[in-house]
Structure formats: structure tokens, C-alpha cells
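In TrEMBL this protein carries:
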type	residues	note
REPEAT	105-137	repeat 'ANK'
REPEAT	138-170	repeat 'ANK'
REPEAT	171-203	repeat 'ANK'
REPEAT	209-236	repeat 'ANK'
REPEAT	303-335	repeat 'ANK'
REPEAT	338-370	repeat 'ANK'
REPEAT	376-403	repeat 'ANK'
REPEAT	404-436	repeat 'ANK'
REPEAT	440-469	repeat 'ANK'
REPEAT	470-502	repeat 'ANK'
REPEAT	506-535	repeat 'ANK'
Amino acid sequence: MTEVGMMFQKGINEFSARGSITKVCLAYLSQLDEQRPAREIRAEFPLAQYSARYWMYHAGPVEVEKDVQESILDFLLQPTQAYAVWRKLFDPDRPWDEEMRQYGMMATPIYYTSLAGLLHTVELLLKEGADVNAQGGQYGNALQAASVKGNKEIVQLLLKAGADVNAPGGHYGNALQAASAGGNKEIVQLLLEIGADVNAQGGFYGNTLQAASAGGNKEIVQLLLETGADVNARGGLYGNALRAASFHSYKEIVELLLETGTDVIAQGGSYGDALWAASTGGNKEIVQLLLEAGADTIPQGGEYSNALWAASARGNEEIVQLLLEAGANADVNTQDGHYGNALQAASAGGNKEIVQRLLETGADVTAQGGFYGNTLQAASAGGNKEIVQLLLEIGADVNAQGGEYGNALQAASVKGNKEVVQLLLETGANVNAQGGPYCNALQAASAGGNKETVQLLLEAGADVNARGGPYYNALQVASAGGNKEIVQLLLETGADVNAQGGLYGNALRAASFQGNKEIVQLLLETGADVNAQGGVCGNTLQEIVQLLLERGADVKVR
């Protein structure tokens, strides 16, 4: 009788079941061919993926059993392909990655068992002579892997075996930063007692204090500061610990860092300064704390350039008000950052109340710059009719050129914001204004697949045959996009079916290249010249067909 059969005969329980499952999974993986692609293995061996993903999960509670230990060691240390097959099918560092791309070199067994918390297996591997400081894996080495996962007993075991507590490398740079990021105070304490460098630089967060601050663990932050962590150390994702805590809204940690003497106006990292980070995070109390501590409302940096623009873009009216009262109104029209100014940021975010407040503070509605070029284009792209109306009443230039879409009308058209398009036209927007990536509003609406907007623009006098831009005309844009109804509408309005120019050369080539059979049929019925030349894509397609014919392709084969 097989082992599984005997198990059922005696009566099954979770402990014995996990032991049997572990051994079966390992035996199954050991029979697979390393040379075969992972997709073939998965297709032919249905249990391969399950075995690769879950053997460690089942082994955890039962690795104390001698027979399970022997199976694990045989699997990890055998001079065959089993270990490589397992890693081909599953990466414990990236359990979500079904595609199993190779990120760096494959780590050693002691790394993966430390990561998984297999204490007894780690101990056995060390007795077998495993290199405790071997490099590899997402976390660099076994000590960092065990530290980030909170496996204290394994950390102790590795340190006793000679693991370098300050070994650099891996995602977090060192074990202390990993433990701090993981929120494991006991491991942090242990590493510090062994001699971990509290101010070591490197890794995702730059330093340990920033990692703990970003993780929101006040006790670890306190411990690190008491051990001599530099409260103003720079580097990493957030630039420093204060910005990390401010961005994630950890008020108590912000207070602790401020009490310790952190520089409240320090610049750096992806988040500008602490006030910018807090404004982006949306925590009014922290913004107030920072302002009381001397934070400057005017310095610039980061995606939103300064705190006022960050709060405006995020739609946090209370923080905007607080910043303006603190003196940010003096900087309300300064140009910089992704959106150029606070008014454009608020308009893009769709917050009418903030737009109104900024205008009352003196924001310039005609200011140029930023991603959208001007505030009206930002609001038009966002589809907020009330903000567009407000800006127009204040004096925004409806035909101002520049920015991502060339002008406000083109921005509203490509986004399909019909009501905004109507409002802009009623206010005097030039329906045939040239500029931007689509050359004109009609092309933009055609590219966006917005039939009602196309109809509205045509009724307002849009030139159906206007030329320019990479697609040359609206018909070619619509044909490439596969929108039959818009193509039909443009043709009925007088679009020239044989107009030459642009990326595809003409509408027929555009539809053909994209494989839009119905549009090809419609264009042919309307008189499209099937032999017309031109266009980069069209010529390439013709050359391929010619090559196939020269090589003997039979045009009669179906």
C-alpha cells in the first residue's frame, strides 16, 4: 500500500497531510526536465505549478519531522535539475509574477528557506556548510530576507553562524533597514546589539530611519533615534525621514522627528519638502505642525512643485486655505512643475471651490505654462464644465495656444466632453484652429471616437478636409481608429475619400493597415482609389505583399 493510502487508512489529520503533500510536491518537481520551457511544463504536468508554489507553505508546520527534513534536503542539495526547475516555475521573491521573468541571479537554498521561515531547514543547511553570506535574491542575502519577514529565530541562527550584519545589497540595502521596513522591533533591537550601522546608506529608503518612518512604526523610530540615527540623513525615495512620515500621515512620528531637531525645510527626493509631502498626503494636522515648525510655503520641487500646487491638484480645500493663510498667496502665480501653477493644478483636478479660492487670491487665469499650457485647457481636458465656465467669465482666452492639446477646444474634443465643446464654441472658440498633436479639433474628436462631438464640430463649421498633423485629415484618423459611424458621417459631410498625405497616405490605407474590413468596404463603395500610392505604413505593407508574390504566394488560395 502506498504512503498516501496508508495515511487515509489510519485516519487523516492536517499535520500528517501537510507532511505528505510536501513530500509529494518535492518528488513531483524532481522528475521534471529543466531544459523544457516553463509553459510546456505547466501544460503537460498539471501539478507542477501547485507543487512549486506551495511546497514551502505545507512544509512550514511539519519540517520538524525527520522524513520531511530528509525530503527537503534531498531536493535542495541533490546534484540534479530539481532546484532549477522549481525556480523556473516559481519565485518566492515575486509570488505574484506568473510570467517568471528572471530578476538577477538565482539565490541559494539558505536564502529561500530563510525567506520562508523554515527554521529547521536553515539549521540543517548550515550544518551542511551553506554559505551564510551568499549573495542573491531580491533581498540580497539570507539575513536581510529573514529580517524583512520577521523570522527572529532564523536571524539569530544566521548571526550565530557568522552572517555579516552590515552586508550591503538587496532591496533594502542591509538587514537593519529591512527589519525596520518590516516593522520588526525585536529584530531591529537584535541587529543593533550585534553592531548594525544605524546610519548605513543605501537601499530603497536610503537609510533605516526613513524606512521605519515610512512604515509608521513609532517604537522603531524612537529606538533608532536613541541609538544615534541621523534625523536629517538624506537619500532614498522620500529624501529624508520627515518627508516619509509626512507623506504617509504618521503624525506622532512627525512630532517625534520635529522634537529631535529634524530640518523642516530640507529639500530632496521625489517629494520636494516635508510640507509638500504632507500636502500631497492630505493631512491637515501635519501641515499645521510643519507650518508651526517653520516650514516654508514657497520652496519648489517635486511633481507638483510646491505645497500649494500639491494640495490644489489633490483637491484638498482645507489645506489650500491653510497654506494661503500662511503666506502661499504670495507665490500663487509662480510658474514651475508639471502643472505650471496652482490654478492649473486645481483645474486639472476638477475642484471648483479651490479654483474659486485661488482666483480670489489673485491667480492669473491667463498664465501660460505647464502640461496643459493654460488653466482653461486643463479644465477642458478634465471635462469640468463649471470650472470652464468660471474661467471664461474671469477672462480666460478661449483660443489660447500651447500645451499638450494645442488649445482648449482640441482638449475637450479628444476627451469627448461634448458640453465643454459646446460652451467653448459658444464663447468664440475657433473651430478650425490649428495646432496640437491632432492639428485641429475635428481630428481630435475623430481620434477620440466621439461621434456626437464630431457632429457638433461639423455643425459649427469645422473644415472636414482640413489638412495637417500626422494623420493629415479627420477621415484618415477615423479610418485608422476603426470608427465606422464617424467615417460615415465625415463622408456624408464631404470628406475627400482620396485625400493624400499623412502617416498612412490616405484613409483606405489607414483602414487596411489596421484591418478594419467594414471601413475598407465603405471607403471603396464611396470611390476610394485602391491603387493610390503614399504613406509610410502603406508602402511598407505593399512591399511585403510584393515580396510574398515574388516568392510564389498563390493569390487564389483561400
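These residue numbers are counts, starting from 1, taken along the chain as shown.
Each residue, glycine too, has its Cβ placed from N, Cα and C.
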For the repeat 'ANK' (338-370), sequence-distant contacts whose Cβ falls under 8 Å of one of its Cβ atoms, 6 or more beyond its ends: 303-305, 308-315, 317, 320-321, 324, 329, 332, 376, 378-379, 381-384, 386-387, 390-391, 394-397, 400, 402-403
Tertiary contacts of the repeat 'ANK' (171-203), as residues 6+ beyond its ends and Cβ separation under 8 Å: 138-141, 143-145, 147-150, 152, 155-156, 159, 165, 209, 211-212, 214-217, 219-220, 223-224, 227-230, 233, 235-236
Tertiary contacts of the repeat 'ANK' (209-236) (same chain, 6+ residues out, Cβ under 8 Å): 172, 177-178, 180-183, 185, 188-189, 192, 198-199, 201-203, 242, 244-245, 247-248, 250, 252-253, 256-257, 260-263, 266, 268-269
Cβ-Cβ under 8 Å with the repeat 'ANK' (105-137): same-chain residues at least 6 beyond its ends: 56, 59-60, 63-64, 69, 72-73, 76-77, 83-84, 87, 92-93, 143, 145-146, 149, 151, 153-154, 157-158, 161-164, 167, 169-170
